[in-house]
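Below is one structure, written out as structure tokens; comments come after it.
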Protein chains: 2
Amino acid sequence: MSITTPAGFTAAALTAGIKPSGNPDMALVVNNGPEFHAAAVFTRNRVVASPVKISREAIKDGQIRAVLFNAGNANACNGIQGDADAQASVDQVAELLGISASDVGVCSTGLIGEPLPMDKIHAGVEKLVPGLGDHGGAAAVAIMTTDLVPKETLVKGNGWTLGGMGKGVGMMSPSLATMLVCLTTDASATPAMLDEALRAASKVTFDTLDIDGSTSTNDTVFLLASGASGVTPSQEELNAAVLEASEDIARQMQADAEGVTKRVTVTVEGTGSDEQAVNAARTLARDNLFKCAMFGSDPNWGRVLAAVGMADADMNPDRISVYFNGQAVCENTTGTPHAREVDLSGADIDVLVNLGTNGPGRATVRTTDLSHDYVHINSAYSS
Amino acid sequence: MSITTPAGFTAAALTAGIKPSGNPDMALVVNNGPEFHAAAVFTRNRVVASPVKISREAIKDGQIRAVLFNAGNANACNGIQGDADAQASVDQVAELLGISASDVGVCSTGLIGEPLPMDKIHAGVEKLVPGLGDHGGAAAVAIMTTDLVPKETLVKGNGWTLGGMGKGVGMMSPSLATMLVCLTTDASATPAMLDEALRAASKVTFDTLDIDGSTSTNDTVFLLASGASGVTPSQEELNAAVLEASEDIARQMQADAEGVTKRVTVTVEGTGSDEQAVNAARTLARDNLFKCAMFGSDPNWGRVLAAVGMADADMNPDRISVYFNGQAVCENTTGTPHAREVDLSGADIDVLVNLGTNGPGRATVRTTDLSHDYVHINSAYSS
């Protein structure tokens with residue numbers, strides 16, 4: 001189960017020496033066709049890394065034939081030199097594969113503000129191309145930064161498959177918080193179908209995975225389709241498969257976020273719209289006092305109310321209800337008897353907040369607790 | 001130097017038994033006139049505690065003759081009973097002082113969702129009124145929750161004075177994050193003058209003190225004026241004194257925030273408006289990866305760019321500059337040589353971010369680092 005399981009895809013990975021650890025740090029994923037359709041979503045950060053600039057241009061025509069990855073260096077905030085370096089790596093991939101550079105995407109993750117070691121990049125690309133094969137698993141390892149485990153998925157359609165790999169997510173080391181995902185499928189689908197499926201899935205998976213509120217300069221999710229199965233799924237089938245794969249990768253990211261002792265699922269309902277529900281869920285998911293309470297297995301519903309009261313969402317301040325693991329701890333903005341005795345000692349905590357209006361809005365955000373290890377990892381990294 | 005230094009004010013404090021620690025936990029501040037003008041600002045949280053509801057009504061006519069304080073219980077999220085309890089305490093104060101209940105403010109701080117122990121409150125008020133005198137210092141102690149030191153200030157005008165006391169601020173224990181401030185002056189000033197001075201000062205002091213992004217259900221700042229000096233300052237003189245006192249109290253709060261090892265001042269300029277600058281400064285001040293870097297004395301400017309890139313503020317993503325303690329670490333969104341060698345080992349860190357536009361916006365937000373102790377204090381409190 002990897003990105004090279006679907007027909008039409010090959011990959012290669014190797015150690016180029018970018019990571020000081022000496023672990024694998026470069027990967028190449030190639031779509032061998034017959035179709036080369038693709039979709040992508042990128043970071044909403046306005047400060048974007050050079051590889052994101054190039055990938056954004058490349059995806060515009062809905063066609064991508066190869067994606068180059070490196071870990072250990074984000075190639076972000078490197079000015080014009082960074083743009084030129086990213087372009088040079090893409091040009092080299094295109095030349096060796098005999099394809100257009102405008103059909104090559106590029107993803108980097110690692111330290112911000114360090115020049116890309118181009119000698120290592122060029123030597124790496126030189127070896128990656130002849131090494132292409134069924135090496136999706138190795139690629140998933142090569143894109144890791146502080147991830148403890150590689151993250152892969154496989155979804156089976158009716159006569160077609162969809163594979164995926166991903167790395168990272170906030171709550172990792174400082175400048176390594178980037179989320180990179182590559183999904184591959186041998187289904188035949190137009191760029192518009194892929195785009196619809198990827199945006200719908202990202203909205204409720206990667207976009208609602210909120211570990212520490214930080215958004216990287218490099219976040220990128222690619223969906224590549226080779227059409228090699230000869231099967232054209234319906235939009236609904238494609239949507240369902242992309243959603244399932246995205247959910248699986250997102251869950252693996254949440255579980256692997258460093259320093260995590262609790263996986264916290266925050267659902268908000270009873271507000272004006274789904275967007276408002278996301279706002280409120282995100283406000284709670286980012287509240288450090290709430291996150292510390294989760295670390296302490298403390299059913300402190302007062303912090304939940306104090307946090308959601310600041311959210312940009314319709315609410316009835318006198319009719320808010322809060323449930324921890326299905327048990328009501330606050331109804332009509334007032335504590336229930338024995339609310340403080342709810343057992344939150346398990347690793348998974350489910351929080352449901354009803355904002356007390358009749359509005360149809362509902363959304364779920366996945367987050368984690370704020371632990372001693374989070375502070376340790378994120379303060380000690382550079383030193 | 002206390003709230004009873006300005007002429008016309010008396011105060012009392014005592015131990016009513018609300019705090020489990022047995023420390024003083026109730027205070028009463030009385031304006032003996034001849035004028036009883038006042039202004040107040042309250043939490044922007046939409047979930048507000050019962051005392052805030054009552055104080056908001058009381059301030060509407062610009063007249064306040066007494067403010068009752070208790071620590072150890074926030075009387076928040078206690079439903080209709082909470083409102084009735086707060087009103088009963090105010091009624092008792094009014095009756096014993098022979099004034100109208102609509103001229104009495106009330107402030108509570110402590111646990112959310114615990115019923116106010118009305119037997120202790122009533123017994124406390126009974127003793128506070130006959131104990132009124134020059135006891136401003138004792139009042140400042142009685143309103144403390146997890147504060148390590150009481151916070152007081154005194155500003156001298158030309159023939160008049162302005163005193164103040166304050167407690168708390170985020171990064172304290174869970175439900176005790178409330179900021180309560182009471183400023184007193186013997187200047188003669190209309191409610192409109194007081195309101196202008198207090199709002200202008202709060203905007204650049206209490207409102208820009210952002211320890212952990214959490215906003216309490218109980219935050220309240222009162223400014224009371226007795227006119228007992230017989231001196232009417234100009235609006236400018238009043239503004240300056242209220243600003244000086246507010247800055248002093250806010251600085252004391254920042255310094256006393258629990259778990260703090262660094263005091264971090266974030267200034268943003270080069271953006272469209274002061275409001276945009278506040279947005280960007282607040283986004284950075286709330287970014288956990290940035291706050292952990294400050295704890296680690298790590299000049300990780302990449303995290304600064306990643307954080308401000310998400311802010312709702314005008315910026316030129318290719319022209320952002322960052323300065324740590326006056327030293328440029330990033331210019332034109334690119335690191336400077338030796339940027340990572342800047343010494344941030346001191347307790348005070350100054351961060352300046354220029355967002356690269358010609359806009360006039362500029363603002364400063366005060367925050368702190370994110371430390372091991374922050375997590376410890378805020379996860380262990382209820383257990």
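Cβ coordinates are placed from backbone N, Cα and C, and glycine is handled just like the others.
What TrEMBL annotates here:
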type	residues	note
ACT_SITE	A:THR178	active site, nucleophile
BINDING	A:THR145, A:LYS167, A:THR178, A:GLU258, A:ASN378, A:SER383	substrate binding site
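Around A:THR178 (active site, nucleophile), a 10 Å sphere centred on its CB holds 30 further CB atoms from the protein chains shown. Proximity to chain B (Cβ-Cβ under 8 A) holds for A:ASN378 out of the recorded positions A:THR145, A:LYS167, A:THR178, A:ASN378. Cβ-based neighbour count (10 Å, all protein chains) for A:ASN378 (substrate binding site) stands at 31. DSSP assigns A:ASN378 (substrate binding site) to a helix.
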